[in-house]
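These came from TrEMBL, pasted as-is:
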- 24-46: transmembrane segment (TRANSMEM)
- 37-285: domain 'G-protein coupled receptors family 1 profile' (DOMAIN)
- 58-82: transmembrane segment (TRANSMEM)
- 88-115: transmembrane segment (TRANSMEM)
- 136-160: transmembrane segment (TRANSMEM)
- 190-210: transmembrane segment (TRANSMEM)
- 231-255: transmembrane segment (TRANSMEM)
- 267-286: transmembrane segment (TRANSMEM)
- 298-315: transmembrane segment (TRANSMEM)
């Protein structure tokens, strides 16, 4: 009887381990695909001067760079946790502060992109004056400054709560490691919900205003409709990004109930609220924007053709050399 129980337990443990391995592989494949697409879009952006001087595309490229860095860092931390690799707490502090900032950078940039569309549709005469490269760079710096508020507050409280010897200890890196007191979690939640409220109101008001202008306009209906759909996609992406702020509280409530359910929820949250929003950004501009899509096609196909031509020349040269040696 005991042997049967042991065998069943070993079988259950083996099954759980296999499930975890499968999930890690799925995440690695998805990350590789998304990072490849993002890098292709970034390459396309820097190859075209027209994109470098357009505010809309500057915000888009900034989002791509942030998402690429965010995916790489979260994936590395996932692998470190999976293989139980520890690191000095001081290094973990740096990584978590940067990740916390990047978590807010993407939704704030999406909000700025929606406002840019609002200016383009509702204030067309002032669009050229307001949407300049210099203003875009200033806006990006402001976005990073605002995004850094929460991690700076959390880390400052953490520094005051733990002894200096803690930073030399080797630990598994996790954002929850910085919650020394229960009220810190509530403070983090309040700041996150405030950001959520402000960005949501901005997106909704922007969309409503664009709808009103679209109804009044008698010309260029197609362009207005496309801008409206773009703002809707930004809202969906923003919603998915911001739900990520609620995930730790849902996971913390599930953990005492069922460990297996907790792991399933964490995997679902990672796929839907971390990977999926980073996939939507290339969809919004990389595929829907005609100029960008044509540029991507040009570089993908042109690059492939160049590679094939070079490969053909290489083999022809090798065959000629072989023929000369034989003769």
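Positions of Cβ are set from backbone N, Cα and C atoms, glycine also.
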Do at least three C-beta pairs under 8 angstroms join the transmembrane segment (190-210) to the transmembrane segment (24-46), pairs 6 or more apart in sequence?
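By the criterion, they do not touch.
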Is the count of Cβ pairs under 8 Å between the transmembrane segment (136-160) and the transmembrane segment (231-255), pairs 6 or more apart in sequence, 3 or more?
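Since fewer than 3 Cβ pairs under 8 Å link them, the transmembrane segment (136-160) and the transmembrane segment (231-255) do not come into contact.
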Which residues of the chain, 6 or more past the ends of the transmembrane segment (58-82), have a CB below 8 A from one of its CBs?
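Contacts with the transmembrane segment (58-82): 20, 24, 27-28, 31, 34-35, 38-39, 41-42, 45-46, 51-52, 95, 98-99, 102-103, 105-106, 109-110, 112-113, 116, 133, 136-137, 139-140, 172-174, 270, 274-275, 278, 281-282, 285, 292.
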Over the domain 'G-protein coupled receptors family 1 profile' (37-285), work out the mean pLDDT and round it to an integer.
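Value for the domain 'G-protein coupled receptors family 1 profile' (37-285), mean pLDDT as a whole number: 82.
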Any residues 6+ beyond the ends of the transmembrane segment (24-46) with a Cβ under 8 Å from its own?
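For the transmembrane segment (24-46), the nonlocal Cβ contacts are 52, 57, 60-61, 64-65, 67-68, 71-72, 75, 78-79, 82, 270-271, 275, 278-279, 282, 285-286, 292, 295-296, 299-300.
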Under an 8 Å Cβ to Cβ limit, what residues of the same chain, 6 or more beyond the ends of the transmembrane segment (88-115), are close to it?
56, 59-60, 62-63, 66-67, 69-70, 73-74, 77, 139-140, 143-144, 146-148, 150-152, 154-155, 158, 166-171, 173-175, 177-178, 195, 199, 202-203, 206-207, 231, 234-235, 237-238, 241-242, 244-245, 277-278, 281
Determine which residues of the chain contact the transmembrane segment (231-255) at the Cβ level, with the cut-off under 8 Å and only residues 6 or more beyond its ends counted.
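Same-chain contacts beyond the flanks: 103, 106-107, 110-111, 113-114, 117, 175-176, 185, 189, 192-193, 195-196, 199-200, 203-204, 206-207, 210, 261-262, 265-266, 269, 272-274, 276-277, 280-281, 283-284, 288.
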